[in-house]
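TrEMBL annotations:
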type: REGION; residues: 20-60; note: region 'Disordered'
type: COMPBIAS; residues: 36-46; note: compositional bias 'Basic residues'
type: DOMAIN; residues: 47-99; note: domain 'BHLH'
type: COILED; residues: 89-116; note: coiled coil
type: REGION; residues: 126-176; note: region 'Disordered'
type: COMPBIAS; residues: 137-165; note: compositional bias 'Low complexity'
type: COMPBIAS; residues: 166-176; note: compositional bias 'Acidic residues'
Amino acid sequence: MSIAALLQAAEYLERREREAEHGYASTLPPDDLRSVLKRPKNKKSQGNRTTHNELEKNRRAHLRNCLEKLKEMVPLGHEASRHTTLGLLTKAKRFIKNLENQERKHEIQKEHLSREHRYLRRRLEQLGSHTKRRSVSECSISTVSSTNSSRSSSSAPASSPSSISESDEVDVIGYT
């Protein structure tokens, strides 16, 4: 053998090693190729293949059912009678984003209404306590005024200025 033939053989082996490192498929010599092609498949690998096919069929059926349910939940519009999976998923994503935005807006509105409700409750309590004080003072004023009016009814005209001012005062207090 000559040195050139040995160098060629060395280059060939190095090239095969580099291809193996990079994951390239190495070429088999023709005798090895025939033995792989003629090798009969055993029943175990055929059973695995059948199992795999059955699992894949079930997975696709499940995916199809999920997509059908999604079609029922997402408003698709009337642009086409048949929708692609990508179009359906895109519309579903947009629909979910819209629902999330609405939920945020409703949450903000709910917070606002809750604060307003607390404010109005406090205001109602304040007005309630004010009304109790006013009714007590009205009772004492009406008692005093009825005593005064019975004394002054004989000497004063029917409409006294004190009774008019008292009712005006009650009206003003009642509306503020």
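Placed from the backbone N, Cα and C atoms, the Cβ positions cover glycine too.
Tertiary neighbourhood of the coiled coil (89-116): same-chain residues 70, 73-76, 83, selected by CB-CB distance under 8 Å and a gap of 6+ residues from either end. For the domain 'BHLH' (47-99), residue counts in helix, strand and coil come to 42 helix, 0 strand, 11 coil, using DSSP. For the domain 'BHLH' (47-99), the mean pLDDT of the prediction comes to 90.
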